[in-house]
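Student: The structure's right below; bear with me while I get my questions together.
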């Protein structure tokens, strides 16, 4: 049975919701799944003034956690077309794991959220995936077997590189059922891939 970590950072709760959907998909494929978040690095007064969602149920991950999983699915929102600094700061601490090759051959995947349709979803996914490739991980995206990402009847997230959602500039849009279905599908694919590689 594959052991999967869904590792995320969420400012306003959109990625927390997506992370839980990713985990549902991985569990449905038979994996053992943990959902953990990275530490908030913004000062408390800044986070509170900006109404960050600070009461998230997931425990905070440590770098030492990462090597104990067969697959790691990383989610972070965009910041100007790239990975949010909180996740970047966390992954930047993984040099020791990289040096030892501790993540080589493990399965990796990415998911994200942006405020708008053209707010950097794919570039943010690539910035996450770049880290995972440097760690030596095998990448699983979100193929068009998730047909919801091809919808033209409504605004939807999703890309071949990973599950996505849109939050709107004021955070008012929550992940749609199509967005969540994409997240579940990606979680399922990661779990199935890890099971093939690790049993």
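Just so you know, glycine gets a Cβ as well, placed from its N, Cα and C.
Straight out of Swiss-Prot:
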DOMAIN    4-190  domain 'Flavodoxin-like'
BINDING   10-15, 78-80, 113-119, 134  FMN binding site
BINDING   12  NAD(+) binding site
BINDING   98  substrate binding site
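Looking at the shown structure, what environment does each listed feature sit in?
Tutor: For the recorded site, residue 116 (FMN binding site), the DSSP three-state label reads coil. For residue 116 (FMN binding site), applying a Cβ distance below 8 Å and a minimum sequence separation of six or more within one chain yields 166, 168, 169.
Around residue 12 (NAD(+) binding site), the same-chain residues at least 6 positions away in sequence with a Cβ under 8 Å from its Cβ are 51, 52, 53, 167, 171.
Listed in sequence order, the residues of the same chain lying 6 or more apart from residue 98 (substrate binding site) and placing their CB within less than 8 Å of its CB are 134, 135.
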